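Student: Got these off TrEMBL a minute ago, pasting:
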type     : residues  : note
TRANSMEM : B:6-25    : transmembrane segment
TRANSMEM : B:46-71   : transmembrane segment
TRANSMEM : B:77-101  : transmembrane segment
TRANSMEM : B:122-141 : transmembrane segment
TRANSMEM : B:192-210 : transmembrane segment
TRANSMEM : B:246-270 : transmembrane segment
TRANSMEM : B:282-306 : transmembrane segment
TRANSMEM : B:326-355 : transmembrane segment
TRANSMEM : B:376-397 : transmembrane segment
TRANSMEM : B:403-424 : transmembrane segment
TRANSMEM : B:431-449 : transmembrane segment
TRANSMEM : B:455-477 : transmembrane segment
Amino acid sequence: MRSRPHLLWLLVPFVLYIGALPFVNRVEPVIAGLPFLFVWLLGATVLTVVAAWLTWRGDRHHREAMAAAEQEYGQEHGPVDGAR
Amino acid sequence: MNAAVATSVFAVFMVATVALGLYAVRGRGGQGGLAEWSVGGRSLGAVFIWVLMAGESYTSFSYLGAAGWGYNYGAPVLYVVAYMSCGYAVGYVVGPMLWAYARKHDLVGITDMVAHRYDRRWLGAAVAILATVFLLPYIQLQITGMGVVVSTISYGTISLNWGYFIAFAVTTGFVVVSGLRGSAWVSVLKDVLVIGTLGFLAVYVPLHYFDGYGPFLDRLVAEKSDWLTLPGHGGDGEGGSGLGTAWFATTSVLNALTVVIFPTTVAGYLGARNADALRRNAIWLPAYNVLLFVPMLLGMAALFVVPGLVGADSNLALFRLVVDSLPAWAVGVIGVAAALSSVVPMAVFMLVIGTMWGRSVLSLVPSLRPGRRQKAASQLVVVVAGTLALIMTYAVPNTLVRLSLISYEGMAQLLPMVLLGLLWRRLSLTAAVSGLVVGVVLVCALVFTERDPVYGINAGLLALVVNLVVTLVVAYVRPARRSGEPGGDARPDAEVLASAAV
């Protein structure tokens, strides 16, 4: 967790769907005919996709950084035994 | 005439479904054994896993129950969208962890993982039996749901009882021959039909009955505004549904945690070719939930068109609109989409029960242990479980309805034993079992005395908190014995625990 702070993005759906609930449980303002609660939950669904994507991107960078560090270490000290 | 057209369309698609299941496993029948049948040989790519997992979560509930909830209560049904989105986020971390653990130790399900973690075969068997009790009601729900669909789209010419039987026969036959791989293939067909039919209905119904979306939504806001927020219609006060914001929040949290260890979800995880396929899935699966808004809105549309549905009839809210407003062939196609929404999840549920028993329960009988026989035994269990669910559908429908109330909340009680156990070596067998027993007993007590939700809070979450406290206290008082001590587990941590690393 300490080395993967981007996992915090995964809290986004919990905040949007659950944390925000008391504030968004209302009909007004009606947006494009839809009551506000529905608009909010639709928006939360879209933002959840974005948040999960940001997490995944963070993990990809993390893996690349780990691989690069391992390679650098290997060049200086020779191959590391048992490092995957 | 109508009945003949709709039923023919339906029959053709059902035959095609079984054929597709057979085609999916062509040439793989003989080899592979249990792992090929139960987790697709751990070789499914990101796309197949997506359709499979979307397929599992999008059951006939979406056509029947979601519309029914929309009709009866309105907004509370959106908890499904909330818990699934949150659950996929949890699954982003947990899915790859379970996948790697199962692959490393050649395990095929959570009962197997528990048996390996605590080094007790009987624990795997006990968890398998417990999980089966919680899964059977789901199979029965799907049989009932599909039976209702079959009967409705045949315009009543096929009786409900025959509808149930057709549901059982198609699904059992399908899952025995095809396994997880076949289910993933049929999921593709199902997803195309589900997205197509719901997309069409979302446009057609408001146009047909209300002259478009604007007028429909305006009427909804003006006349049915108590359906549009929590706690929904009839939610307040004494004898209300109790589906307020506290219920919505606690249920979403509990289900989001439970869904990641739900045996059927885990079957999907373990089918993945690699861990990244699971992470990519966690990105896109929430998008599928947008579809759930459609049956809810259609259920509310039915309020204006067919008012006065009560009890189980409200589940037919959507189909009443369909039969009322569309030609027979279209009714048939929509019926197929709804039926496949039963077949795919039911197939995976049965598959999971078969796998759990084959691997964790029947394997205690020495003659059933070797590979090929284990698969045959698992397939036999599938037929037995399906038959049991069918018999109970006819004989004691209410028993299973009551059990289904505790399914999710009961399964949740496995969380400390499975997830905490895989991360924390100190968690002893005694601690895990104590927590589980206390949690399950508490859930049963609260649900069967009709105290769920209790003070507006999901009873399963309350039981889970008590379960967790008991587990932690017992783990502190009686920690797992270390390798040096008598009776201690000599295996190193890397053998026992799971790693959450990338």
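Any Cβ shown, glycine's included, is placed from N, Cα and C.
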Student: Thinking of Cβ pairs under 8 Å, which stretch from B:6-25, B:122-141, B:282-306, B:376-397, B:455-477 has the most of them with the transmembrane segment (B:46-71)?
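Tutor: Top-ranked stretch among B:6-25, B:122-141, B:282-306, B:376-397, B:455-477: B:282-306.
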Student: Does the transmembrane segment (B:77-101) make contact with the transmembrane segment (B:455-477) through 3 or more Cβ pairs under 8 Å, each pair 6 or more apart in sequence?
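Tutor: Judged by the Cβ rule, the two regions do not touch, with the required three close pairs absent.
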Student: Six or more residues out from either end of the transmembrane segment (B:6-25), which same-chain residues have a Cβ under 8 Å from its Cβ atoms?
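Tutor: Apart from its flanks, the transmembrane segment (B:6-25) reaches 150, 153-155, 157-158, 166, 170, 173-174, 177-179, 181-186, 189, 328-329, 331-333, 335-336, 339-340, 343.
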Student: Between the transmembrane segment (B:326-355) and the stretches B:122-141, B:403-424, B:455-477, work out which stretch tops the count of Cβ pairs under 8 Å.
Tutor: B:122-141
Student: Do any residues of this chain, six or more beyond the ends of the transmembrane segment (B:403-424), have a C-beta under 8 angstroms from a C-beta of it, and if so which?
Tutor: 94, 97-98, 101, 110, 113-114, 117-118, 127, 130-131, 133-138, 140-141, 254-255, 257-258, 260-263, 432-433, 435-436, 439-440, 443-444, 447-448, 452, 458-461, 463-464, 467-468, 471, 475, 497-498, 500
